[in-house]
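Have a look at the structure below, then the notes.
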Amino acid sequence: MPIRIDSRNADFVPRFKAFLATKREVSADIEAATRAIVDDVAARGDAALIEATCKFDRLSVDAAGLRFTAAEIDAAVAACDAATLDALKLARDRIETFHRRQLPKDDRFIDALGVELGSRWTAIEAVGLYVPGGSAAYPSSVLMNAVPAMVAGVARVVMVVPSPAGRINPLVLAAARLGGVSEIYRVGGAQAVAALAYGTATIAPVAKIVGPGNAYVAAAKRQVFGKVGIDMIAGPSEVLVIADQTGNAGWIAADLLAQAEHDANAQSILITDSEALAADVERAVETQLATLPRAGIARASWNDFGAVILVTDLDEAVVLADSIAAEHLEIMTADPEGLAARIRNAGAIFLGPHTPEAIGDYVGGSNHVLPTARSARFSSGLGVLDFMKRTSILKCGPDQLRALGPAAMTLGKAEGLDAHARSVGVRLN
């Protein structure tokens, strides 16, 4: 059964703190093994990549076969169900519309001294997109990563996706084409991350790597950070639902299970000021589990990491929600807009009973690549700015240099950097 915490109980604070500290990923120390793979690919390139692909994916391939051909992608698209392709196109179009509104504008102005200042935005030249492989790979995630890069103007988007024993979900290749991916390679794991970061004879290096993966992929992204940029280190998914007595227990239960079926380590949380609703939701979860195809995974998630938190009022719910800083936050109350305005920490907020988080996963338009494990306290979901960089611009004429130069020289000398002061002074003399 999920944990039950009641803010009216004397032990609430320590129990809530323990709940926040719960670790949902238990893995052996894989840093050394990952480092060996990364270093090998950095040193030996294609040879190491091909060996690792044979070992881990049971796929024999040569350098020429690492890249999916246009004919293979055409065949994959042709194999896809027409209705599913139409749904992917709808998702692509809505994701593009939402993300185009994030495009920043260059800025240039002249201050009171006549100094010109500004900022210029440019797209990252090349980005790598990691996609988990196998038949369960998610084409929606391809769109969520690729479309913002396309909108940002990234010239080269490279996708890597493992194809264990040669198997791949054709929808993943179809989504890549719809999302504007430039190149697709049948490699995965830490070796694929290393290839993107360091480059091989076949795969040219990129400047940034985005996309989710297993513990080895996460470790590899940590290890190559600095050589390239990365988006985030994603943990198991999570949803928090805040509801009052107006909430529909069956709908809330369905949303909690939609998150729980992702992964046995996923987390579904309900905060409510209604004890009756809490009981109804718990019963509805059990009823719906009985008919869920992925019931084993969902039940493990709900029993091990699920939580029902009772509060005296919604003011308490706001405080707790900010502490949890959930990846997904659904608000099903009489005034969801008013409550949302008071919450600072959440990856994405879904307002009202007719906005299930699953709509955001697929066709809402907002991005479903979101900060997990309380990192919404300091980070945001994936967006256009993750694929762009800002360059500042400064221009002084002779008059402006004369006005600012003496102060710059004073500060340079104060810091013991005489050459700094001199580089200004030679222009003033």
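Just so it is clear, glycine is given a Cβ too, placed from its N, Cα and C backbone atoms.
The candidate list Asp304, Asp313, Asp315, Asp361 contains one residue that Swiss-Prot assigns to the Zn(2+) site with Gln259, His262, His420, namely Asp361. Of the residues His328, His354, Swiss-Prot puts just one in the substrate site with Ser237, Gln259, His262, Asp361, Glu415, His420: His328.
Of all the binding-site residues listed here (Ser237, Gln259, Glu415, His420), Ser237 has the Cα closest to the Cα of Tyr130 (NAD(+) binding site).
Within 10 Å of His328 (active site, proton acceptor), judged by CA to CA distance, lie the following binding-site residues from the set Asn214, Ser237, Glu415, His420: Ser237. The Cα atom of Gln259 (substrate binding site) lies nearest to that of Glu327, taking the recorded positions Gln191, Asn214, Glu327 as the candidates. Nearest in space to Ser237 (substrate binding site), taking C-alpha to C-alpha distance over the recorded positions Gln191, Asn214, Glu327, is Glu327. Of the recorded residues, His262 (substrate binding site) and Glu327 (active site, proton acceptor) place their C-alpha atoms 14 Å from one another.
Set side by side, the recorded positions His262, His328, His420 differ in how many other CB atoms lie within 10 angstroms of their CB, and the most is found at His328.
The highest number of surrounding Cβ atoms within 10 Å, among the binding-site residues Gln191, Asn214, is found at Gln191.
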